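Asker: Next up is a structure, given as structure tokens.
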Amino acid sequence: MDVQWYPGQMAKAKRLLRENLKLVDAVIEVLDARIPHSSKNPDIRDLLARRPVVGVLTRLDLADPSATAEWVKKLHSDYFAVTAVNANSGDGVKKLLQLLKGLPQRRKHGQRPIRLIVVGIPNVGKSSLINRLTKRSAAATGDKPGITKGKQWVRVNEGLEILDTPGMLWPKITSERQAFGLATAGAVKDEILDPVQMGVELVGFMQNEYAQRFAERYKLEQAEGDPRHILNEIGRRRGCLVKGGEVDLEAAARLVVKDFREGRLGRITLEKAGESYDEDEVLPDDHR
Ligand SMILES: Nc1nc2c(ncn2[C@@H]2O[C@H](COP(=O)(O)OP(=O)(O)OP(=O)(O)O)[C@@H](O)[C@H]2O)c(=O)[nH]1
């Protein structure tokens with residue numbers, strides 16, 4: 001499995017982050033509310049050097065509301081404060097601004113505003129959040145991982161400034177389950193997983209967690225049974241066919257994953273706060 005992050009890239013990301021951290025009083029770590037466990041990078045704690053970190057779960061609108069509430073509670077002990085937002089619409093940003101008001105300044109610099117950097121793995125909504133906080137639309141946003149550009153201080157309000165360049169964190173993939181979550185949520189390139197495998201796993205997950213809603217969405221008489229077979233059935237119904245009328249399973253898989261990403265399967269969280277992540281199957285070192 002190719003995880004798309006190479007040691008050189010990671011070293012560069014770390015170096016940049018270390019440089020930028022020298023400039024700031026506090027950090028916002030952006031997590032995807034649909035995969036809070038997998039979008040959190042446990043390796044950065046040392047780099048942050050005791051700076052207060054505010055955890056922000058984006059995609060509030062796409063995640064399961066009760067799961068998000070539980071994650072906010074669970075993550076509380078890891079952060080200075082935690083909250084959830086919709087970085088597109090701005091829902092929850094007012095509350096975040098309230099929390100940011102409580103941040104301490106690192107050094108006494110007279111009256112200068114508190115300086116912040118936004119960090120997170122690719123495609124979690126860092127630029128969207130910066131744009132929301134600064135009410136601009138200049139920071140580049142896009143649905144492909146890794147397109148953030150530009151660099152300057154931007155004023156949020158009289159007490160707060162934010163670095164326009166988000167800090168890029170590398171996803172840490174130690175289990176197949178994490179690979180599935182990160183790829184399905186779009187935080188790593190799709191190529192990390194075989195598309196059919198991703199689709200089959202997503203169907204299996206939906207069968208276990210949101211069976212009724214899933215059956216309704218695809219007008220399936222029943223959502224039970226072999227996930228591959230169900231995927232085939234979805235492909236047939238949706239006209240994902242190759243010459244000769246056979247189902248194009250890859251097209252069907254891409255359709256289901258796209259429906260998930262765009263919220264058409266409803267509000268879904270792939271990782272629940274109450275689950276244990278310690279016992280995940282650990283991938284061999286060369287896959288991390
Ligand atoms: N529905 C929804 N979409 C969001 C939210 N936050 C971000 N997005 C979308 O997710 C995509 C990625 O957002 P970006 O802000 O570019 O993410 P980023 O972390 O800066 O991405 P990189 O530059 O790749 O690291 C965009 O299409 C956003 O519109 C959210 O809260 N809800």
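Think of each number as a place in line: the chain as shown, counted from 1.
Backbone N, Cα and C atoms are what each Cβ position is placed from, and that goes for glycine too.
What TrEMBL says about a protein is an automatic prediction, not a curated fact.
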Asker: Looking at TrEMBL, Asn123, Val124, Gly125, Lys126, Ser127, Ser128 are annotated for GTP. Which of Gly92, Gly167, Gly181 sits in that same site?
Answerer: Gly167
Asker: Starting from the Cβ of Gly125 (GTP binding site), draw a 10 Å sphere and report how many other Cβ atoms land inside it.
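Answerer: There are 26 of them.
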Asker: Just to confirm my parser: what is the rounded mean pLDDT across the domain 'CP-type G' (14-171)?
Answerer: 87
Asker: If you draw a 10 Å sphere around the Cβ of Asn123 (GTP binding site), how many other Cβ atoms fall inside it, taking every protein chain shown into account?
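Answerer: Taking every protein chain into account, the count is 24.
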Asker: Of the residues named as GTP binders, Asn123, Val124, Gly125, Lys126, Ser127, Ser128, Gly167, how far apart in Å are the Cα atoms of the most distant pair?
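Answerer: Max span of the GTP binding residues, Cα based, is 14 Å.
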Asker: Does Val124 (GTP binding site) have same-chain partners at least 6 apart in sequence with Cβ under 8 Å from its own Cβ, and which are they?
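Answerer: Once residues fewer than 6 apart are set aside, Val124 (GTP binding site) is near Val30, Leu31, Asp32, Ser39, Thr58, Ala187.
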